[in-house]
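The domain 'ZU5' feature in TrEMBL is assigned to 313-446, 447-588. As annotated by TrEMBL, active site applies to His436, Ser438, His578, Ser580. The annotation domain 'Death' is assigned in TrEMBL to 780-865.
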Amino acid sequence: MQKMAELLGLRDECGEGTSGAPALAGSCLADNRLNLDVYPDGCRRFLQLFKEQRGDVVQVEFLRLSSNDCLLDTTLGSLPHLKHLKSLVLKGGHARDEFGSYQHGSLTSLPPDFGNLKCLTHLDLSFNRLSTLPSCILHLPSLRALLVSHNSLVTLPEDFGCLRKLTFFSAMKNQLKDLPQSIGELSVLQDLDLSENALELLPEEVGNLHNCTELDLSGNRLSNIPDSLANLRCLRRLHLHSNLLVTVPASLASLPNLSRLDLQNNCLRAIPAEIQALPFVRVRGNPLGETEPSPQAGNCKASAAVVIHSCVSSGSFTVTSEGCRVVLACGIHFYFPPGAASDPLRIYFRSLTPDPQWVKLRHHDVLLSRVLELQPHGVQFQQEVQIWMPYICPQTPHQHEVVVRTFSGQSWRDLRTRVKQKRKSKKCVAHCCVLHFSWFLVVSRLVQNECKVPAEGTLLFSSVDPNIKVIFPPGVTKEPRSVKLQVLPVSAEEIEEITANAGCRASPLLYLSQDSTVDFLKPVRIQLPLPPGVTGLNLDRSRLHVLHGDLEGQTWNDITSEVVLEFTHLYAVFEVTHFSWYWLWYTTKTYIGGIAKKVYERLRLYQVNFIALQRKKDPEQVLLQCVPKHKVDPVLKKLQDRYRGPEPSDMVEMFEGEQFFAAFERGISIDMDRPDCVDGRLSFIFYSHLKNMKEIYVTSPVDRKGQAVKGQVSFYRGAVPDSIPEDASRRRKGPDSLWLATLPIKLPQLKPRWDENPGPLYGFSFPPLNLGNAETGYLTQANLLSIARRVGADWQSIGLNLGLTYQQIERIGYNNREDLNKQILDMLFSWAQQNSEDPDCVSRLIAAMKESGRQDIADEVEAIIELGRRKYSASIRRVGLEQESSTEDSAIAMI
């Protein structure tokens, strides 16, 4: 064993390698595999191994490296020495930027002698910066699988067809404009993925891929496809959605093995009867039956193409110099005018959950949408691109306005925005124009009036309250500067409720800001209305106070004695030289600054209630939600048919963007490996106008066959958001102050379940299933059983969205008409058996659940997959240690 450890350069848990070199992780070198992409310094480790144990490294057959590694270029020169190499992975995407976007690797080419790897059968160069396919790849005679997705390839080499043994080729998410005719020479190719490129035409030679079983051409700019596709007799799945197809050949219906044909989101106004008769064809999103372009769908001609994208959370599309309109399933619209892009450009979009760490809201801002990310970041358009973003219509008073806010990578700024509410749907849309792409969101802010102050002076007044004016006298500044004004009215009722003093009155809050750090050269006159009920006739000057607040509203100073006050019948006028918050108060209290600080804090707080409800059909499914007080009754009324549970919690107060946690206690637990689980608690971010809701499945370690479990869920405060009043932060310190509310959860006594039978499932017998793959995560037969238990009466809708035909659904329902559980099992496992070899089947299952209104199951599947990914990464790290003993035994046997 010692000899083998020396041979491999392995170390124990607390020592260095026997060679005396810096200790390497024991999982680096295991048998004939090197898995180094899980290490941030994987290339350094490889170079060290190659230097110290070259004789062993050159025997490696499987190698994984991250192309995000800064030493990649140095490492590439050593790879051609690995003559026995069969599989090489040089992927990017192992690092993320501060906003969670995957960073492409630094790989732009390969050394010429790379073609000497005669044994290489699998090469993965995904998520890199390749603009052309390295010519050395064409000299790899044994290559069977080639992955170059997520690069910048514009074309493929003319002699690409010389890779005669290629069975799998993926070039998705590139910028391919055409294909070489030699692609038809790939006679053994089985899986071809060219989705999300810029293809406008296919060569007839594509019809020579006689062994092809799956062809993905979705997300391109194809207006037609060649008739030669009808020669692909082995083809099982053909993906043509999200193109510009105006016709499809009827001969596709004659393909004997075809089981999936996706024509969604094209420009088809007519489909051959033979195609329509296919039970598995999908045609949604086409202007079928229209003789002229519909105003809703737009014109499908190339000069004004319409791309209707079915993806909700992420995807891509191509924009050419001819321009186009793009409609996303989430309701976001784009208009790219002709000439906006000089060359074809691939646009990537993502809908992100707002994170308060980088979505910085200003005081009294309200978030109304998720974050939209558009890539490439910073790309400059020749003409303005128009964006329409739907948002939650706020029930805000007239002092608020809706704007689109964008992030440049350094700071957020507000765009000139027009808003519109659709008549029929009552949905609200915010419209803006931009010349570059980054991150966008919709917020409601205090109405902002602004002007440019010249040396001659000017007047600025509030559109919320025209009685509030700011007068800039001549000579107030040498250079013109921009000034902004915002007003927050505060009613007498609010002041009385917060202060519990009927004698306290206050004027509207005035906030002034400027783009210069230099004070004005002359005093600026401010006119504010007197507090409600106070006039120049009944004014007691000893009770009137002018308060000045800092930018964050943390301190409020009484500056009455520092300014000269003038009064009219309705107004107070005073002069200042620098800008911030200003507030008039009328009260008999002496320490007014503390009272104003308390009121200002409360004006930023929302009164909310927590609800915890359980599904009537499945009590293990729990819905948690934080609801603003005025929305509680409508929300409960909407949920009462499907859920039951205790009364909402008592009212608590929270800030916009504040984090809180939900913890299940007293015999109830959840999956601790969920991405949103922190130290056993579910993480939430409160946004008053977004849904602060999650549906999860709970379990209990207690044996429920004998008794029910009476548990509870408690809510606790989390991280204190930035820029909240200091006193509010101080009051929240200590374990007791973090608790918000507790609600009971009861799990009933278990009855014998149909999925606990170790034998055939209700008469069904299926071989073991593993949907997906190891890297992206598996769904096992046990996972499917767990999912089946939660489907319930929605099984038919889910089945249809999975691609089953109405006839199949009816047959399943009839054959198992006495038992709902059998119907669910038959539908789910039949689909799984048919699609077990489809690498995208798990994504389709998640999409089907969302389309069927079962976001809860979709979230559960995504959590299972995420857990699978983590376990796969962990297993890579452990593989050397796990195989060490067997490796040593075989070495001893050799000796």
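Cβ from N, Cα, C; glycine included.
Features as recorded by TrEMBL, highlighted on the structure.
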residue	record	CB count, 10 Å
His436	active site	14
Ser438	active site	19
His578	active site	12
Ser580	active site	15
Nearest-integer angstrom distance between the alpha carbons (Cα) of His578 (active site) and Ser438 (active site): 34
Secondary structure tally of the domain 'Death' (780-865) (DSSP, helix then strand then coil): 68 helix, 1 strand, 17 coil
Between Ser438 (active site) and Ser580 (active site), the C-alpha gap once rounded to whole angstrom: 31
Model confidence over the domain 'Death' (780-865), averaged pLDDT: 79
Within the domain 'ZU5' (447-588), residues counted as helix, strand or coil by DSSP: 14 helix, 59 strand, 69 coil
Rounded distance in angstrom between the Cα atoms of Ser580 (active site) and His436 (active site): 32
The domain 'ZU5' (313-446), counted residue by residue under DSSP: helix, strand, coil: 0 helix, 74 strand, 60 coil
